[in-house]
Amino acid sequence: MNTKKDQKMNRREFFLNGARALGLTALGGLVWSAYVDEVTASSLLLRPPGALDEKEFLKSCIKCGMCVEACPYDTLKLAKPGDNKPLGTPYFVPRDIPCYMCPDIPCVPVCPTDALDEKKVTKNNKLDIKEASMGVAVIDQSSCIAFWGIQCDACYRACPLLGEAITIEYTKNERTGKHAFLKPVVHTDVCTGCGLCEKACVTKKAAIFVLPKEVALGKAGDYYIKGWDKKDEQRLQKATNKINKTKISERKAVDSLNDLGGILDE
Amino acid sequence: MNNLIFKHRFLIARRITQVTIMFLYFAANAWGFNFLMGNLSSSKILNTIPLSDPYAVLQMLAAGAVLSADVLGGVFIIILFYMFFGGRAFCSYVCPVNMITDLSNYIRRKFGFNKIQKRQPASRNIRYYVLALSLIISFIMGYAAFEFISPVAMIQRGIIFGLGFGWAAILIIFLFDLFVLKNGWCGHICPIGGFYSLIGRFSFIRVHHNHENCTACMKCKEVCPESQVLFMITKDSLPVTSGECTNCGRCVEVCDDEALNFSIKNYKRK
């Protein structure tokens, strides 16, 4: 009788303990995964050259810091607790120390997990830092003094791809009638996002600054074609947008333009 | 004096290896002395031999990362090493958190906190649950989950690359072990230790207990951070087979009766 009762209690205890453990695990798992989601969501980080796309990068970076050690300029840092960045992953802040674009890219080959992928910075079987795509420089025209008409070409001069990634556009200053604007223009397809321009910028807070490409750049989609650029039409071959047929699009574009019927009828 | 050193020979050896390893990592980062590059997550000896934390890599695998041969080679070396020689030697000879928790434990003993609370309210199996949970979360989230919260990683990286708020992690572990749970972090929660426990059950070098010499003074049990593995004390002449033993050798040192010693594990069944 007694043993039977004990068994019953044991079973009860077993289920109770199991439920307790399950509850604790679920709670812990929820908090934990929410935290991981939060810390990995930061999208304004600049990664070393050759870094995989952010999601893949976070997946494969083992946080060993060997890229940090390899960098001769102390550009790269590992995110510390309190930095509010994915813990232990490498990043750099151009206004402090930009990437000096070493031709041999010491930070990339040391990566044991290929989170910094040599393939991404290789051209014609040679490491080429110009292939790096760490970010892209963006100019705030309202605070850039060159756009005010004050002569400044600090970013242009600092750019390691001088005349390629940043060019100077001359325009007339209509207000004075006898001065010129020397406006910097960033060419987003060439810019590697090294941040030397941001470092060199003379304004109090840099008027040219590097953002991750996926943050800074728009995307036109493959339904817009530069009609004057014959090569541009080749983009259509890889078009991913589906054709969306509506009643209007059944007719040819020219017909639609010439047909005034719709307007006149009403 | 000689006796004092002899009575702490493994402790001294552990502190020397712990500090040396951290110093070598630090030197590689600070002065480019590249004997040992990287950190405890992944490193390279003399720029050639790779080493990688198998538990971190396991999480990355669960998260769906594609791994390079370099990393897998490093994992292989580490697993083989601890499987054969170390057990949880990583915890007692390498991990810098060990110094923090040992300090907590030392203060606990000196101030008699252990006497207040004999029975510990938490299971030592929590670490295996945390281990399993970390892999599940890694799988679901697609990121190595424990690596983003690991205080061990924070602290060792902090020593090598700069601490930031890492001191908070040190303080939390110290206070938790001191006031909340005896051997709380290393003995109950840390899944890295849990992982090495699983590997460690195979290791050759083990503590052996000689029942005949034992005078039941219980000094070994008092000092052992995983006292459950010494269940045979006063009862039986057995080796410690549990993987949870960290091979720290404190029990061997404190034993005045030669009842405990390191030996090679005998794989033959009796």
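Using the three backbone atoms N, Cα and C, a Cβ is placed for every residue, glycine included.
Features reported for this protein in TrEMBL:
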DOMAIN    A:48-81  domain '4Fe-4S ferredoxin-type'
DOMAIN    A:88-121  domain '4Fe-4S ferredoxin-type'
DOMAIN    A:135-171  domain '4Fe-4S ferredoxin-type'
DOMAIN    A:182-213  domain '4Fe-4S ferredoxin-type'
Same-chain residues at least 6 beyond the ends of the domain '4Fe-4S ferredoxin-type' (A:48-81) whose Cβ lies under 8 Å from its Cβ atoms: 40, 87-93, 97-102, 105-108, 110-121, 129, 132-134, 192, 212, 214
The domain '4Fe-4S ferredoxin-type' (A:135-171) - residue tally per DSSP class, helix then strand then coil: 9 helix, 11 strand, 17 coil
Confidence summary for the domain '4Fe-4S ferredoxin-type' (A:48-81), mean pLDDT rounded: 90
